């Protein structure tokens, strides 16, 4: 009884922080003609309510795709339509065709913020609570502390409740998928993850680990018996869920193709804006976006992404385990973020979710990563006038992690899950006994650099000849950190010889 009382308090704390952040500015507030993501979400409500389904993804006089045209899968459009019906009931002016463009008011802001909170309450927060309650071999106190830290992760709060998006929906469905598969409810887990992909196509970052883990399970059961039956059932679930989600758009071939063109805009190029991945960082030294033809950029990004995630995926197929599954989710999502085509700065949230899931296992490294992930979005958050909420929520999250997990005491090779790797290295370099000390120093350097760059960005004006200097530095420093984490998580995956035994049921 006490556990549920404390968990309720944790949820209320998470909701309070979310609503407090929502009182601040949002993307594109008072900035015509394009405004920002807030207007994009409102505009999608306008389009889905006033136009027939067949026109949602097509350019027309009533639906200018250059002005925040729909570029997410059908379930996102259905969600917008549902919100539009509620908006119509409250104030029809909010979704009036054409005349509502750029609509802003305190009442409308309250409505929009409430839709995010309701989605969070229905999908993401219950998944977090259940996940933490299902963790094995840790105390009730640690389960509650884990839930608190996950719910206080500033990156997701600042983007959904500050900038304005509905990332908690797709991430929540993905988490339900992780829960289902980790508890051997493979069909329900697969259904939940299909809903995640069909809500936001960026959930493809997590698709390979789901596929490899389930395939490994099928191999383990035997493809001539129970494994084959499971494989057929999984295939039926995937096909059925996609057909149901896309049914209105399967009536005509051109409808399906147009939606796909909107979901995967290859014409936009390798990257947009300032994002903390390899291509944007490397572009500072060599303008690969201008030098290489677009099809070469596409092939290059595919090759780098595929090669970087291959070892983890092979290991997961050969040795399927819940622990390996979660770490492979981190590794694959990070590979996609660093090397894939058309990455946005907010896509780092797709890496942050699985990192949150291993917070209780490697608290020091997880906390560090989640701090860097929030810092990597600094240029976007400053543009949205969210500096103060960013600082306060980041400090609150850091304090929660330090007090809950004593992270500075969890830096030994064993706590960092690097003991097997260190033993292997010491066979050739007996003097290699300082790995944990190196990581502590790297953490210190990383945090100091992030603090200094934040202060410089806020207090100093960039040189006239280099107006994007601080934004580029933020991306470059974040990218270096992410490369280090990619190596680290792959080391854990490859050198983990106990993934199939002595593991926790969920964690």
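Keep in mind that glycine also has a Cβ here, set from the backbone N, Cα and C atoms.
Long-range Cβ neighbours of residue 59 (N-linked glycosylation site) (same chain, at least 6 residues apart, Cβ-Cβ under 8 Å): 65, 66, 69. Residues annotated as N-linked glycosylation site in Swiss-Prot: 59.
Sequence annotations record features per position, and here Swiss-Prot assigns topological domain 'Lumenal' to 25-114 (among others).
Across the range of the topological domain 'Cytoplasmic' (136-143), the DSSP-based residue counts are 4 helix, 0 strand, 4 coil. Look at Swiss-Prot and you will find 136-143 (among others) tagged as topological domain 'Cytoplasmic'.
What Swiss-Prot records for 165-172 (among others) is topological domain 'Lumenal'. Away from its own ends, the topological domain 'Lumenal' (165-172) comes close to residues 37, 41, 76, 79, 115-116, 119-120, 123-127, 156, 159, 196, 199-200, 202-203, 346, 349-350, 353 of its chain (Cβ-Cβ under 8 Å, at least six residues beyond either end).
Taken from Swiss-Prot, the feature topological domain 'Cytoplasmic' covers 194-226 (among others), and the record attributes it to a curator's inference. Across the topological domain 'Cytoplasmic' (194-226), the DSSP tally of helix, strand and coil residues reads 32 helix, 0 strand, 1 coil.
Annotated topological domain 'Lumenal' per Swiss-Prot: 248-297 (among others), in sequence order, evidence recorded as a curator's inference. As a summary of secondary structure, the topological domain 'Lumenal' (248-297) carries 29 helix, 1 strand, 20 coil according to DSSP.
Mean pLDDT across the topological domain 'Cytoplasmic' (319-323) comes to 93 in this model. Positions annotated as topological domain 'Cytoplasmic' by Swiss-Prot: 319-323 (among others).
Residues annotated as topological domain 'Lumenal' in Swiss-Prot, with a curator's inference given as evidence: 345-361 (among others). Long-range Cβ contacts of the topological domain 'Lumenal' (345-361) within its own chain (Cβ-Cβ under 8 Å, at least 6 residues beyond either end) map to 131, 135, 138, 142, 146, 149-150, 153, 155-156, 159, 163, 165, 167, 171, 174-175, 178, 202-203, 205-206, 273-276, 323, 326-327, 329-330, 333-334, 336-337, 367, 369-370, 373, 376-377, 379-380, 401, 405, 417, 507.
Within its own chain, the topological domain 'Cytoplasmic' (383-387) has Cβ neighbours under 8 Å at 21, 24-27, 29, 36, 158, 162-163, 458, counting only residues six or more beyond its boundaries. Annotation source Swiss-Prot lists topological domain 'Cytoplasmic' at 383-387 (among others).
Listed as Cβ neighbours of the topological domain 'Lumenal' (409-437) (distance under 8 Å, sequence separation of 6 or more from its ends, same chain) are residues 361-365, 491-492, 495-497. Sequence annotations record features per position, and here Swiss-Prot assigns topological domain 'Lumenal' to 409-437 (among others).
According to Swiss-Prot, the topological domain 'Cytoplasmic' annotation covers 459-473 (among others), on the basis of a curator's inference.
As annotated by Swiss-Prot, topological domain 'Lumenal' applies to 495-507 (among others), with the evidence given as a curator's inference.
The feature transmembrane segment is assigned by Swiss-Prot to 4-24 (among others).
Within its own chain, the transmembrane segment (115-135) is flanked in space by residues 3, 7, 11, 14-15, 18-19, 22, 79, 83, 86, 142-144, 146-147, 150-151, 160-161, 164-166, 168-169, 171-173, 175-176, 178-179, 182-183, 357, 360, 504-507, which lie at least six positions past its ends and keep a Cβ under 8 Å from the stretch. The transmembrane segment annotation in Swiss-Prot covers 115-135 (among others).
According to Swiss-Prot, the feature transmembrane segment maps to 144-164 (among others), an assignment based on sequence analysis.
Away from its own ends, the transmembrane segment (173-193) comes close to residues 123-124, 127-128, 130-131, 134, 199, 203, 206-207, 210, 213-214, 217, 230, 233-234, 237-238, 241, 322, 325-326, 329, 353-354, 357, 505-506 of its chain (Cβ-Cβ under 8 Å, at least six residues beyond either end). According to Swiss-Prot, the feature transmembrane segment maps to 173-193 (among others).
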Recorded stretch, among 227-247, 324-344, 362-382, 438-458, 474-494, maximising Cβ pairs under 8 Å relative to the transmembrane segment (144-164): 362-382
Top partner of the transmembrane segment (388-408) among 298-318, 362-382, 474-494 - counted as Cβ pairs under 8 Å: 362-382
Outside the topological domain 'Cytoplasmic' (194-226), six or more residues from its ends: residues with CB under 8 Å to it: 72-76, 79, 167, 169-174, 177, 181, 186, 234, 237-238, 241-242, 245-246, 263-264, 309, 312-313, 316-320, 324-325, 328-329, 332-333, 336-337, 347, 350-351, 354
Contact yes or no, the transmembrane segment (474-494) and the transmembrane segment (4-24), 3+ Cβ pairs under 8 Å, gap 6+: no
Distant-in-sequence neighbours of the topological domain 'Cytoplasmic' (459-473), which means Cβ under 8 A and at least six residues beyond its ends: 274, 284, 379, 453
